[in-house]
Structures are given as C-alpha cells and as structure tokens.
Amino acid sequence: MNEVFSITEEVHSNFINGEWKQSTSGKLIDSINPANRQVMGQVQSSTIEEANEAIEAAHNASKEWAKVGEFQRGQYLYKVAALLEENLEEIAKTLTEEMGKTYPEALGETQRGIAILKYYAAEGSRSNGDVIPASEKDALMFTKRIPLGVVGVITPWNFPVAIPIWKIAPALVYGNTVVFKPASEAAVTAAKVAKCFADAGLPSGVFNFITGSGSTVGDAIINSKYLKAITFTGSSKTGKMIAEIASKNQVKYQLEMGGKNPVIVLDDANLENAVQAVVSGAFKSTGQKCTATSRVIIQSGIYEQFRDRLVEVTKGISVGSGLDSTTWMGPCASEGQYKTVLEYIEIAKNEGATLITGGHAIDSELTPGFYVEPTIFDNVTTDMRIAQEEVFGPVIALIKAESIEDAISFANDAEYGLSASIFTTNIGNALAFIDDIEAGLVRVNAESAGVEYQAPFGGLKDSSSGSREQGQAAKEFFTVSKTVYIKAQ
Ligand SMILES: NC(=O)C1=CN([C@@H]2O[C@H](COP(=O)(O)OP(=O)(O)OC[C@H]3O[C@@H](n4cnc5c(N)ncnc54)[C@H](OP(=O)(O)O)[C@@H]3O)[C@@H](O)[C@H]2O)C=CC1
Ligand SMILES: O=C(O)CCC(=O)C(=O)O
C-alpha cells in the first residue's frame, strides 16, 4: 500500500440559502485521486442540522420559485449552461483527477452536462399541458403541470457531472427547489458543478448544495418533513432503503440502481463490430457505468472466433492515469471499488470460471493507483456470482448459448434489467430480442453502455423503481398534473 500524502489546497464549502458556508463540524472529507492515491481536494463533512438548514431554505423558497414561471426558470438554466461551458476544461480535469475516467471521457461527460442544461432550459418554452374537450359546450378543460416542492438529489460518483445535472435541471425548470448531496467520493467535481448553479443568480434557497456522508446528510434529507420528492442513483442497498422511507412518508421517489447488462452475439453477427462494442461497453470508464456490459452471451457457432478476437483487442488496452493521452482505461474510482473488483476476480476463479486475460492489479512504484487489468472470464454459467452480481469494474463473463432462445433466457436470468444489446444481421432475431428481453434500455447492434439525454432512461426489475429519468419522462416525475375546468357562466 502506498502512503497517502495530504497536499491539497482546494477546500469546498456548502451552498445553503444563497451563501457559501463551511460546516460547523470543523471536519473535512478528503477526496483521493485514484490514479496516484493522493488527496486532490476536500469537502465539508456536514451535520444533520446543516442538512436541515438546507432543506428549510429550499422549503422557504419553493412558493416564490413556483411562481417565477417556466420561461424565466429556463433562462436561469441557460446561464448555468454558459458557466459550465466557461469552466469546461477545468471541471473535466477535476473529474479525471477525482474519479479516474480518462480526460476525453470526462470532457464528453461535461459537454453532455451542457447539452442537458440547454435541453431543459428549452423546456421553459415548451407546452405545459393539454387542452381536452369538455362534455359541456362553452367550457374549457385543460391540464397544467405543477411542481412538487422540495426535491432531494442524491447522486453517485461514477458520473459526477452528468447525473446531478440530469436530475437538477428538470427539477428546477419544472418549478421545484433542490437540495443536492453528491457522493463523497466525487464531491469536489460536484462542488464545481454546484458553483455554476450558484453563480447563475438563482433566488436564494432555490438551489442548495451540501456535502457529507450518506448516513448523516443523506439520511437527514430523506427523512425530512419538508421533502416532497427524492431522486437517487446508486447501489440497490441504499435505493431500497430510500424506497422504504419515502413510501412511509408519502414522498415521491425515483431510483436508478445497478445492472448486470448482457450483450448477445449471434452466429450471424458482424463479428468485428460486436467485439469493438463489447470492449467499449465493458471497459470504458473502467466498467463503472450502470449500463456497462458485464455478461457476453455468445452463440456456439461463433464462440471461439469471437472470444479469441475479444481477448486480442482487450490485451491491446493501455491502462494508466486518465490525464495521460496514451491511456485508454483509467483506474477504479476508489480503493473500495478496487478491492471489490479484485475480490470478484477471486470469487470467479473459485467458482470455476476460466480466467483468459487480465485478472491482476497493476500496482507498483510507477503506478501507485487503483489499477486493475481488463479481465475476461470464460466458461461462465448463469448460476455463478460473476454472472449474477454487479461488479462495477473492468470484468466480463462469457457464457455460451446454443440458440437465440437460450441466449435470451440466460440474459433474463438476473435480478437486474437495465440495459441489453444484441448483435445480429437477422431482423427476426432482433425483433424477438426487443420483445422478450427484460431490460429498460434495449439496443440492436450497439453497445449496452451510454444513454441519450433526450430519451427516457430507466430499468426493469431491480434496476429501477420503475419511473423514468431524462427526456420528457422527467416531467412526469418532477411535476403533478392539475385538471382545470372553466365554464363561461
Ligand atoms: N447505478 C449506478 O450508476 C451506480 C451503482 N453503484 C453500485 O453501488 C455499489 C456501491 O457504491 P456506493 O458509492 O457505495 O453506493 P451508495 O448507494 O452507497 O452511494 C450512492 C449515494 O447515496 C449516498 N448514500 C449512502 N448511504 C446513504 C444513506 N444511508 N442515506 C442516504 N444516502 C446515502 C451516498 O453518499 P456517500 O457517498 O456520502 O456515501 C451517495 O451519494 C457500487 O459498487 C456499484 O455496484 C454505485 C454508483 C453508481
Ligand atoms: O450516462 C451514461 O453514459 C451511462 C449512465 C450510466 O451507465 C450510469 O448511470 O451509471
């Protein structure tokens, strides 16, 4: 284990009721650069009282903000987008230093954040309801979307720019106020995103940012009497706990949790396209996407050929610091993630899967980070833990199937149902897959990872609470509909 040196100068505060404030706890949380194990920044370890202060500020601001009008609220988001654009490179660099993904990926994520802000800014000038024929003449009946009130936003570390923005931007434009608690492991990047919201001049209390542990600050948010909705992305364990509390308190909730995303490769697939898509889907962001490919189910006729080419391409992946332009895959995001990945590699070996490439930590004086080789297991069966549990790292399991029916049945044999892909040149096979696969995001001849902000996103089964994020689906979650009936006399 390498020593962690505390060399940081960057300390970030909370933003509550329009002011940047340090926590009265006097305690800070270190954020570690996973590429070198050094502290790269610090955030406040806030108290329950401070979380309550943020929620009360959001509650007090909510009536006025709802009256500001959607068009004006959209204009604020354009300002946030412009500020994010001004700080694009700095925020992307911080993201790489804090979370480990490569700089081009971090840049892409931050650019996506700007695009999401503009998309929801434009929502301010789109229609907000329907006119519906009334049964009586001389009467006007229409629906109008109204905000919910205070929304809690609790986010993970794997997309510390895009995920908070795809939750906060729609929450605000539809008239809600926000308390944002980011993952502690990526809170420095989140603080820089929060600064863009703070600097856009939103009325005090409309947007609040507070850092601290999930069990303190997160818990205070989800248990607050002022909370009207909670939007969460993270582990199934935390998500299920949030669902229980939210249901008890009649708080609307939206949960995006894990995945064990399968890619099916049929005998008639374009082999090279399938290989490239599996490598990208499994190993970009070091496999730390909830949509990452983690199971590859290959039809027997193409199995050996596909496997050998997949191993060949995987062996060519360069692993290193995300700031090094020759790096294709960065480190695991944290020591915890790194240990989990190495543990799963041991579990897979012990349960009889065959390690065919990777499988080791890359840790030396020269590379003192949380690096793990891109890893592939062969001869995996669906009952193995490596085929069932989310690893959230650069590890894939290869499973052999004789037919498309078997392949879909193996793919569906998991508790999760987030994203799934098939590679085939046969339209009938593609249509059967679209109908029968149990996943919220279904792709044909495209990698399993990645989402488009203008389309609904969410999973089936244990991957999600059933609601959808992004695109127009966000309106469903962040508003409620009022039906208005007006009669002339
Ligand atoms: N679907 C996805 O995109 C993601 C899935 N995961 C999966 O989850 C695993 C664990 O990751 P981890 O970061 O520990 O996930 P968590 O679910 O613990 O963390 C996600 C967010 O929830 C917060 N949180 C944690 N505990 C509570 C609580 N009791 N009340 C309220 N909020 C809480 C965290 O805060 P804090 O950071 O302060 O603990 C963080 O902001 C990963 O290995 C991966 O399998 C992880 C991240 C994203
Ligand atoms: O936004 C993406 O590209 C993928 C989202 C995802 O996989 C995640 O939320 O972890």
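Including glycine, each Cβ sits where the backbone N, Cα and C put it.
Bear in mind that TrEMBL entries carry predicted annotations, made automatically and left uncurated.
As recorded in TrEMBL, the features of this protein are as follows:
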DOMAIN    20-484  domain 'Aldehyde dehydrogenase'
ACT_SITE  Glu256  active site
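The secondary structure of the residue listed as 'active site', as reduced to three states from DSSP, is extended strand. Around Glu256 (active site), the C-beta neighbours below 8 angstroms that are at least 6 residues distant in the chain are Phe232, Thr233, Gly239, Cys290, Phe457, Gly458, Gly459, Ser463, Ser464, Glu469.
Mean per-residue pLDDT, taken over the domain 'Aldehyde dehydrogenase' (20-484), amounts to 97.
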